[in-house]
Amino acid sequence: MRGGERRGPGGAQGKGALEELPEQPHEQPHGWAERDGTGLRRSTESEVYDDGTNTFFWRAHTLTVLFILTCALGYVTLLEETPQDTAYNTKRGIVASILVFLCFGVTQAKDGPFSRPHPAYWRFWLCVSVVYELFLIFILFQTVQDGRQFMKYIDPQLGVPLPERDYGGNCLIYDPGNETDPFHNIWDKLDGFVPAHFFGWYLKTLMIRDWWMCMIISVMFEFLEYSLEHQLPNFSECWWDHWIMDVILCNGLGIYCGMKTLSWLSLKTYKWQGLWNIPTYKGKMKRIVFQFTPYSWVKFEWKPASSLRRWLAVCGIIFVFLLAELNTFYLKFVLWMPPEHYLVLLRLVFFVNVGGVAMREIYDFMDDPKFHKKLGQQAWLVATITATEFLIVVKYDPHTLTLSLPFYITQCWILGIILVLTWTAWRFFIRDITLRYKEIRRQKQEHRYEKDKCLSNGDGHSSILDEQTGNKLRERKI
């Protein structure tokens, strides 16, 4: 049975067996609701109706993959002549090793939280994560020169220092000196990175599923660009490029469209039927399209101010997000990859596919650690990859990273860190101590009031105390 399917409560026991067993009351965890006797689901999770159809598309094909893989290796071994080219054979051997590992992982790896369009799709990206992490570890253990020259084996055009470019330039929105096109500065910024920013933040919103967190990450990254423009020249942008084109237009519009999509997904009815159980062709086509939508939906409620654990977790998520964003630019810089190179695009596609799974696993681990006792495998790999990328940047160009921040930027960051630490101490320590003190003081005042009321009766005790004493005596007699 696939996870999340709604089935009737019967199981393998018959009616007589059910009548012999008394119904045991069970306590539901906080934030979870009953799912028609089949188990527990979160109150933020949509209810799923599934007829349980298990077609050829959903069955495991381990023997089929094993047979095809063995035939392919046998063909290469017995029928194909091995070229006398060491470099070519080395590349082909590495690619073949990766493909065999991917075949094993797609058929044998553990399923993640997503099942659409197919669990094998997400197992594939899990294995790609392992391969990418191993590649990063290999690059990390090379010398700076060897690591940069190794990129030539992937693309001969790499391994060459990048030319210096001016990214700031003239920041006038209206340039009166250019009579032909006074708005040329704006048109120069409208390149392929504008739709990339929009779709990037649209997909990030679908991963994070929270408007406030998305806006904080968006604004924080612009502050990081301001702070680090003395290290990387492509961080130097015009003020209107930072706040109008990036934050408001590209990022803001992407976040808005993402939130609208989240609203639709949370209201959507998740009722699944087998393709051959649908009578009309229109219904079959609709079912094929919906195969690429989520199987079910969980609304993320991060609640960072509810506890210190969740607050630290949310801060950690924001930190890793920002670090992964910075790694995109610093890796290009230290490994000498131009921004338009296909490896840069492949890395972004990779993070789009693994980021959603990682965020869901992190949320499950935060939301209820009793059911999810350890961090998910994809979330673990994403965190490891982000840390390894940063270590490569540190090793390959420590001089750039150690360039001191301007004094006014340092002051701003120190002030921001102090404000965050002060709020954290007040919210989770000082405020709790104050509330606890007020509660104790209120209880003491109530106790004093009851004592004074008892003394005012003249007999030294109240009718409430008499009633409580009488109840205790009756309980002892019984």
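Positions of Cβ are set from backbone N, Cα and C atoms, glycine also.
As recorded in TrEMBL:
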type: REGION; residues: 1-39; note: region 'Disordered'
type: COMPBIAS; residues: 23-39; note: compositional bias 'Basic and acidic residues'
type: TRANSMEM; residues: 56-78; note: transmembrane segment
type: TRANSMEM; residues: 90-109; note: transmembrane segment
type: TRANSMEM; residues: 121-141; note: transmembrane segment
type: TRANSMEM; residues: 211-228; note: transmembrane segment
type: TRANSMEM; residues: 240-259; note: transmembrane segment
type: TRANSMEM; residues: 311-330; note: transmembrane segment
type: TRANSMEM; residues: 342-359; note: transmembrane segment
type: TRANSMEM; residues: 379-396; note: transmembrane segment
type: TRANSMEM; residues: 408-429; note: transmembrane segment
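Scored by C-beta pairs under 8 angstroms, the transmembrane segment (56-78) has its highest count with 90-109, from the stretches 90-109, 211-228, 379-396, 408-429. Across the candidate stretches 90-109, 311-330, 342-359, the maximum count of CB pairs under 8 A to the transmembrane segment (211-228) is reached by 311-330. For the transmembrane segment (90-109), the residues of the chain that approach it from at least six positions outside its boundaries are 60-62, 65-66, 69, 76, 120, 123-124, 126-128, 130-131, 153, judged by C-beta separation under 8 angstroms.
Highlighted: of the candidate stretches 240-259, 311-330, 342-359, 379-396, 311-330 has the greatest count of Cβ pairs under 8 Å to the transmembrane segment (408-429).
Listed by sequence, the residues of this chain that lie at least six past the ends of the transmembrane segment (342-359) yet keep a Cβ under 8 A from its Cβ atoms are 112-114, 122, 125-126, 128-129, 132, 154-155, 196, 200, 203-204, 206-209, 300, 317, 324, 328, 331-332, 376, 378-379, 381-383.
Below 8 angstroms of C-beta separation, residues 98, 101-102, 104-107, 109-112, 114-115, 147, 150, 335, 350, 353-354, 357, 377-378, 381-382, 384-385, 388-389, 391-392, 395 of the same chain, each at least six residues beyond the ends of the transmembrane segment (121-141), sit close to that stretch.
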